[in-house]
Amino acid sequence: MSCLPTPEARHAKEVNQQIQRDLKKHKKDLKNTKKLLLLGTGESGKTTFIKQMRILHGKPYSQAELDNFRTLVYRNIYIAVQILIDAMDRLSIQYEEAPVEAETNRILEIDYENLPDQLPPADYSYINKFWKDKGVKQCFEKRNKFQISDSAEYFLDALDRVKEDDYNPTREDIVRVRLKTVGVHEYNFNIHGQNFLMVDVGGQRGERRKWISSFENVQSVIFLTAISEYDQVLAETEEDDNRLLESLQLFETIIRYPWFKNAAIVVFFNKFDLFEKKILTSNLEEYFPYEGPRADVEEAKNYIEQMFSEVYGGRGEKLSTHFTCATDTDAMGKIFEAVKSYILSQNIKEIAGGNFS
Ligand SMILES: Nc1nc2c(ncn2[C@@H]2O[C@H](COP(=O)(O)OP(=O)(O)OP(=O)(O)O)[C@@H](O)[C@H]2O)c(=O)[nH]1
Ligand SMILES: [Mg+2]
């Protein structure tokens with residue numbers, strides 16, 4: 001009887017060796033992957049940040065994904081109009097030219113979960129006239145009194161473009177379109193040789209109890225706060241809770257979690273583009289005990305940054321912060337490079353037995 005292995009045995013051995021090699025590589029990849037958790041209240045910009053990472057470092061969006069974004073754009077438009085119709089009524093603002101009631105009712109009853117992939121001409125013509133109405137514009141100026149997406153104006157202004165048959169969402173449309181996140185979602189990116197596992201979570205109150213499932217083995221956290229929300233109230237409660245205060249309280253809760261004791265923490269003061277404009281007309285001292293000069297972007301932003309730094313203070317090291325506009329692709333690319341260096345330097349310190357013990 002021959003002692004030579006049969007072809008089957010040789011093949012089995014080869015397969016086994018390949019599996020071992022794959023497992024080893026997978027383990028090495030896992031070890032070299034940094035887990036980055038994105039946290040923050042609803043609409044702070046977490047998913048927008050992930051979209052930018054995909055645009056900058058991921059695979060291009062497929063046509064099926066673009067088609068999906070197109071429907072979402074229409075959905076964003078209908079929701080914005082429905083919110084404005086309701087706000088006109090609640091704030092008792094007169095239309096310049098009142099729309100036909102039956103038409104308004106039809107728009108209000110649109111089931112935006114089941115939208116066609118085209119904006120029907122009758123709806124376009126209603127929305128076009130509605131958005132040009134001086135009363136509606138007046139109502140929109142009072143938007144801190146009700147909850148409307150920060151991208152509503154962008155899409156209502158783009159109505160003529162997005163109604164076209166051959167409309168395909170642009171890069172900017174993709175980062176502007178809003179869909180609230182439900183649950184926890186993981187994304188892998190290789191950014192200049194470094195693997196990241198980025199975790200996006202739903203930030204609204206009802207979503208936060210699901211967060212804990214993603215807290216294990218986190219090397220870094222980006223906490224996003226929408227700095228422009230200092231004069232806005234929370235949509236998800238009956239009470240008039242201030243949105244920036246809610247974000248500050250959430251930050252305080254998070255940095256006390258034992259899971260993040262050794263994690264690098266970075267804060268993005270996001271929606272800085274909106275903040276810069278808003279601070280010129282909406283006084284910070286009406287919402288926070290701020291005593292600095294009015295309409296002063298620098299003073300106001302430093303004051304808000306200080307509130308977060310004080311809360312963070314206990315951890316003994318200066319808080320890493322960035323003032324960001326998550327819808328700006330180029331700027332986000334640059335900011336993330338700085339964040340990446342910071343995360344890696346903090347993790348090296350930790351390995352060397354440094355600061356965060
Ligand atoms: N103008 C402006 N809009 C922004 C900015 N960042 C995000 N947005 C818009 O704000 C909306 C909400 O952003 P999302 O990224 O969906 O917020 P989120 O934190 O993922 O919200 P949840 O999924 O509910 O937790 C989207 O329509 C974004 O386009 C910004 O810096 N400036
Ligand atoms: Mg989201």
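Residue positions begin at 1 at the first shown residue.
For all residues, glycine too, the Cβ spot is worked out from N, Cα and C.
Where the annotation comes from TrEMBL, it is an automatic prediction and has not been curated.
If you check TrEMBL, you get these features:
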BINDING   43-48, 150-151, 200-204, 270-273, Ala326  GTP binding site
BINDING   Thr47, Thr181  Mg(2+) binding site
COILED    9-36  coiled coil
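Structure coloured by features recorded in TrEMBL.
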{"residue": "Glu43", "record": "GTP binding site", "DSSP (3 states)": "coil"}
{"residue": "Asp150", "record": "GTP binding site", "DSSP (3 states)": "coil"}
{"residue": "Thr181", "record": "Mg(2+) binding site", "DSSP (3 states)": "coil"}
{"residue": "Val201", "record": "GTP binding site", "DSSP (3 states)": "strand"}
{"residue": "Phe272", "record": "GTP binding site", "DSSP (3 states)": "helix"}
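Around Glu43 (GTP binding site), the C-beta neighbours below 8 angstroms that are at least 6 residues distant in the chain are Ser149, Asp150, Arg178, Lys180, Gly203, Ala226. Restricting the average to the coiled coil (9-36) gives a pLDDT of 82.
Lys46 (GTP binding site) and Thr181 (Mg(2+) binding site) have their C-alpha atoms 9 Å apart, to the nearest angstrom.
Ligand 1 lies under 6 Å from the Cβ of Thr47, Gln204, out of the binding-site residues Thr47, Val201, Gln204. In the structure shown, across all protein chains, Thr47 is the one of the binding-site residues Thr47, Thr181, Gln204 with the greatest number of other Cβ atoms within 10 Å. Taking all protein chains in view, 28 other C-beta atoms sit within 10 angstroms of the C-beta of Lys46 (GTP binding site). Cα-Cα distances to Thr47 (Mg(2+) binding site) place Val201 within 10 Å, out of the binding-site residues Val201, Gln204, Phe272. Proximity of the binding-site residues Glu43, Lys46, Thr47, Thr181, Val201, Phe272 to ligand 2, judged by a Cβ distance under 6 angstroms to any of its atoms, singles out Lys46, Thr47, Thr181 in sequence order. Of all Cβ atoms in the shown protein chains, 21 besides its own fall within 10 Å of the Cβ of Val201 (GTP binding site). For the pair Val201 (GTP binding site) and Thr181 (Mg(2+) binding site), the C-alpha distance works out to 6 angstrom.
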